[in-house]
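First up is the structure itself, then whatever we jot down about it.
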Amino acid sequence: MMKHRHQDFPSDVFITLEAAKTVIKVVDEQGTQDHVLTDFLRLDMRGKVIVSAKLPAISTDQHFYRSFKITPRQLNAHAYVNGAFELAVDKKKDYTVLERLTIVIGGISDKFNRATKTENFLLNKSLLDEEVVESALKVLESEVVPVEEATASSPEHRRQLAVNLLYKTILDIGSDAVEGAARSGGPVLTRPLQRGEQDFVEELQPAPLGQSVRKLESKAQTSGEATYVNDYPAHANELFLAFVRAPEAAIKVTGFDTEEAEKVPGFEGLLTLKDLEGKYTNNYDLPIFPAEAQTDEIFPSNVVGFAGQPVAAAMANTQWAADRAASLVEVLFEAGDEPIVHISEALAKKSIYFQDAQKKSTEDPDAAMAKQAVQVEGEVLAGEQLHFFMESITASVRQTEEGFLVHAPHQWVEGLTTVLAKVMRRPRSHFRAVCPRLGGGFGGKLIMVDHVASVCAIACELKHRPCTMFMRLDTLAQFEQKRPTVLAKYKAGATSDGQLMSVHWNNAVDAGVSCNFIAMIGPEINSGLDQGYYVPTFKTDLMYVRTNKPGATAVRSPGSAPATIINLLMMDHMAHGLKMDPIEFKRRNLYQAGQVDQHGVKRVNDNLPKMWDELYAEANIEERRNAIEKFNKENKYKKRGLDISGISYHIGYDRFGVSEVDLTVHMDGSISIVHSGHEMGQGLTTKVAQAVVAQLAEFGATLDMVKAKPTDTMMLPQMDITGGSATSELNAMAAKVAADQIKERLLPVKETKPEAGWNELVVTAIMSGVLLKAFGTYRSKNQEGQHARYVSTGVGAAEVEVDILTGEYVVLRSDIMMDIGKSLNPGVDIGQIEGAYVFGMGYYLTERTVYDSDTGRNLADGTWNYKPPQAADVPRDFRVRLMKKPGDTDSVFSTKAIGEPPFGLAATCVTAIKRAIEAFRKQQGKPDVNLTFELPLTPARVLQLCEVGAKDRKFDTVE
């Protein structure tokens with residue numbers, strides 16, 4: 001019935017049943033009728049019910065049936081195009097089609113389902129006659145006319161897919177008679193069972209610090225018992241809120257029609273800009289931003305910046321009622337200018353905030369470029385990415401005689417209370433914020449949570465009731481600040497023997513409607529453009545453009561993620577210009593110790609070359625490249641590719657606040673900790689507990705005695721933000737400071753009772769008046785004149801297989817080696833490496849946003865159109881190695897941050913796919929050009945890069 005009601009829907013059930021010549025029985029008060037499915041689509045189904053479906057039996061080996069579903073992601077995705085084919089052929093007569101075949105293709109339009117012209121053309125013709133096959137494909141190409149659809153792939157892509165699926169069917173059916181290399185076009189891609197390896201050495205310092213221990217919260221999380229903010233029981237008389245969203249960008253709101261919303265049971269009114277005027281500050285920006293960048297309003301006072309921007313909040317006695325009422329409020333408005341939703345539009349219309357001062361090397365980059373034997377110019381367009389949390393944005397606010405108590409999943413609750421104090425125009429002491437844990441943060445649970453909490457706090461005070469908001473995914477996707485689109489133009493020069501000498505970068509970043517966080521991210525992008533490769537002379541220009549989209553913000557690896565792919569594709573282009581193996585070119589230009597990078601950091605103990613060579617040998621790269629070359633010769637329509645790259649990620653210790661740990665040892669020997677980090681799955685709490693027990697283990701303390709409490713601004717003033725990947729190590733050092741205080745107090749007691757165990761020692765100490773509570777703080781800085789404390793580095797290789805006829809790909813194997821110094825917990829750190837890598841795969845390969853050019857609305861506002869990677873997309877063979885004996889690092893515990901640095905290694909999947917496409921193009925004699933494309937590199941874009949045409953659809957029959 002879904003297909004019946006929405007005939008443009010690419011129904012998998014419909015195409016498979018229709019191709020099988022299914023007959024359905026429909027019953028109404030007049031009796032029963034049989035219908036084929038194409039007739040059923042035109043049937044008025046009012047008062048009718050489908051009671052059965054009959055599939056005719058296929059009785060001979062002359063009948064063949066094939067079906068395909070080509071999707072943007074392997075699982076849980078609707079099709080670009082799906083197709084099902086049923087035909088009867090006589091193998092003994094050159095695979096002659098014996099009866100009219102059935103060709104059903106979905107994803108084309110609401111009018112097209114059957115390729116009847118092609119069906120008729122192929123009747124009584126041989127499928128081994130290449131002229132017949134090519135003529136049939138041309139007939140199909142002419143009768144398949146896909147409609148333009150904003151969220152679908154291009155009509156050209158879908159037409160090409162439809163043609164290729166018929167060709168794929170013919171190759172598969174005739175596989176016994178088709179020459180070996182061409183047979184590869186018939187089968188679909190196979191995805192081997194997943195396997196993995198984790199290679200590390202524990203460096204105890206002392207135990208359990210450095211041990212691979214399970215996260216303290218792991219059992220609660222995997223059993224579903226872990227408590228998040230939205231799991232808290234509702235308070236009596238609690239009020240729930242939901243944002244009313246602007247239907248279009250660049251409009252001016254004139255009022256609201258609540259007639260339909262008022263019919264929702266439990267609806268209790270709207271909170272609007274008028275409720276704020278004169279009493280509250282209509283701005284929720286963090287104080288860390290420059291004053292001129294603090295432009296984010298709770299509700300817009302003038303022109304709406306973007307479609308989906310909150311313009312009011314519906315209030316109701318349940319979250320469902322609030323959501324429903326908000327969706328029914330009609331926003332009245334005056335139309336404004338046409339919205340700008342693409343970075344190219346912003347540049348053309350000169351919609352620019354400002355341009356950063358040019359950054360360049362000491363040596364003149366222009367003079368250096370002029371000397372280079374080989375020069376290339378190009379551009380890279382990297383798109384947006386959502387945080388896509390497991391837990392949505394939420395906040396709960398309750399007013400007591402002590403002030404406001406706020407529960408929120410936030411990466412900096414100290415900053416949250418500062419924002420609320422500004423909004424509510426009250427002293428900071430009136431606010432207490434508590435964060436039990438976050439279901440994912442990635443940089444997204446900062447100012448967006450501030451916005452939600454501010455609205456809840458205002459409603460709480462006005463209505464004298466506890467207030468909560470929990471955002472639905474579609475609302476969040478419209479409202480959510482994202483990783484910015486980046487357009488990078490480059491000119492690179494190298495010597496004839498492959499030494500990279502100079503690069504000029506000219507970058508534009510899409511800031512959206514506000515320029516606060518992005519002004520911090522932009523310089524990170526510019527400084528990270530060298531990644532793992534030394535560029536003696538360079539210059540970088542950076543401008544921030546304004547579009548009618550939510551203000552851009554930090555997403556995991558905020559600057560390095562786009563910088564890595566921009567760098568990697570530039571290096572690829574340079575190698576192409578040199579006619580040099582890209583892997584050899586990159587190896588030749590890796591950073592060496594003593595060189596100064598674009599960040600201004602002198603590379604010390606740089607292990608990039610050593611890791612590169614170790615991974616190359618241990619992952620059998622040379623042997624696998626030879627095997628890939630052999631595979632590609634033997635398979636015309638399946639190609640494999642492999643690439644390897646190195647990354648650098650700068651970790652800074654110049655922070656906004658202090659790392660703090662409150663440590664209490666109780667009478668029964670149990671230990672409570674409250675730390676200033678915000679646990680969001682990164683294992684921060686476990687590492688803090690390990691650091692505590694490492695100092696107290698000599699007295700008999702063990703990890704199972706430790707219990708972490710929620711992060712709380714009443715317990716920990718002036719706490720630091722959780723971000724930048726260094727929070728775990730800094731809080732672990734604060735924990736050591738606190739534990740050392742306890743240790744110092746216990747040592748005299750231990751001297752009086754040397755045989756006493758932990759519990760007896762604790763009781764004795766407390767009964768003797770020894771305070772077993774300590775407060776540890778730690779704050780450090782970068783070295784003077786340095787922009788980072790140290791550099792995290794890694795090397796990664798990816799091997800892929802591409803189906804040339806569909807554009808689909810599978811990452812067969814990924815190998816990673818990271819220098820993380822002395823790991824505080826190798827098991828947790830490897831989990832972070834794997835997670836960052838897969839997060840990167842989403843950014844570079846599958847996660848795509850689409851905007852309506854008329855309204856400015858984000859059309860990828862849910863899982864139907866937005867596709868983060870899932871289990872089936874993870875590399876089939878995933879191997880992670882931690883570098884052994886990497887040497888000391890200028891960091892706490894000689895460890896290195898790991899949450900964000902590995903992200904960029906997933907970019908190698910892109911260039912590995914590029915290698916596979918190049919192999920096909922070279923085999924077919926296509927022009928040898930450097931391939932360019934927008935990111936993410938979706939299957940649709942892969943197919944377009946392959947440029948499969950009539951000349952490529954040739955197969956030799958077996959005599």
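Every residue, even glycine, has its Cβ placed from backbone N, Cα and C.
On a predicted model such as this, the values are computed, not experimentally measured, just so you know.
Database features, via TrEMBL:
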- Asp8, Lys69: FAD binding site (BINDING)
- 66-173: domain 'CO dehydrogenase flavoprotein C-terminal' (DOMAIN)
- 223-337: domain 'Aldehyde oxidase/xanthine dehydrogenase a/b hammerhead' (DOMAIN)
- Gln411, Phe442, Arg556, Gly724: Mo-molybdopterin binding site (BINDING)
- Glu900: active site, proton acceptor (ACT_SITE)
Completion exercise
Among Asp8, Lys69, Glu900, i.e. the recorded positions, the one with its Cα nearest that of Gln411 (Mo-molybdopterin binding site) is Glu900
Practice task
Could you check what DSSP calls Gly724 (Mo-molybdopterin binding site) once collapsed to helix, strand or coil?
Solution key: coil
Practice task
Can you tell which of Asp8, Glu900 has the least company, meaning the fewest other C-beta atoms within 10 angstroms of its C-beta, among these recorded positions?
Solution key: Asp8
Fill in the blank from the handout: Smallest number of other CB atoms within 10 Å: among the binding-site residues Lys69, Arg556, that is Lys69
Handout entry: Three-state secondary structure, which DSSP defines for Phe442 (Mo-molybdopterin binding site)
Key = coil
Handout entry: binding-site residues near Glu900 (active site, proton acceptor) (Cα-Cα within 10 Å), from Asp8, Lys69, Phe442, Arg556, Gly724
Key = Phe442, Arg556, Gly724
Fill in the blank from the handout: A correct count of other C-beta atoms within 10 Å of the C-beta of Gln411 (Mo-molybdopterin binding site) gives 24
Practice task
Within 10 Å of each Cβ, count the other Cβ atoms, then let me know which of the binding-site residues Phe442, Gly724 comes out lowest.
Solution key: Gly724
Practice task
In three-state terms from DSSP, label Asp8 (FAD binding site) for me.
Solution key: coil
Exercise for the section: Using the recorded Mo-molybdopterin site (Gln411, Phe442, Arg556, Gly724) as reference, state which further residues of the same chain have their Cβ within 8 Å of the centre of those residues' Cβ atoms, listed in sequence order. Expected result: Gly441, Gly443, Gly444, Ala554, Val555, Pro558, Thr722, Gly723, Ser725, Gly899, Glu900
Handout entry: Nearest-integer angstrom distance between the alpha carbons (Cα) of Arg556 (Mo-molybdopterin binding site) and Asp8 (FAD binding site)
Key = 37
Practice task
For the domain 'Aldehyde oxidase/xanthine dehydrogenase a/b hammerhead' (223-337), give the DSSP counts of helix residues, strand residues and coil residues.
Solution key: 24 helix, 31 strand, 60 coil
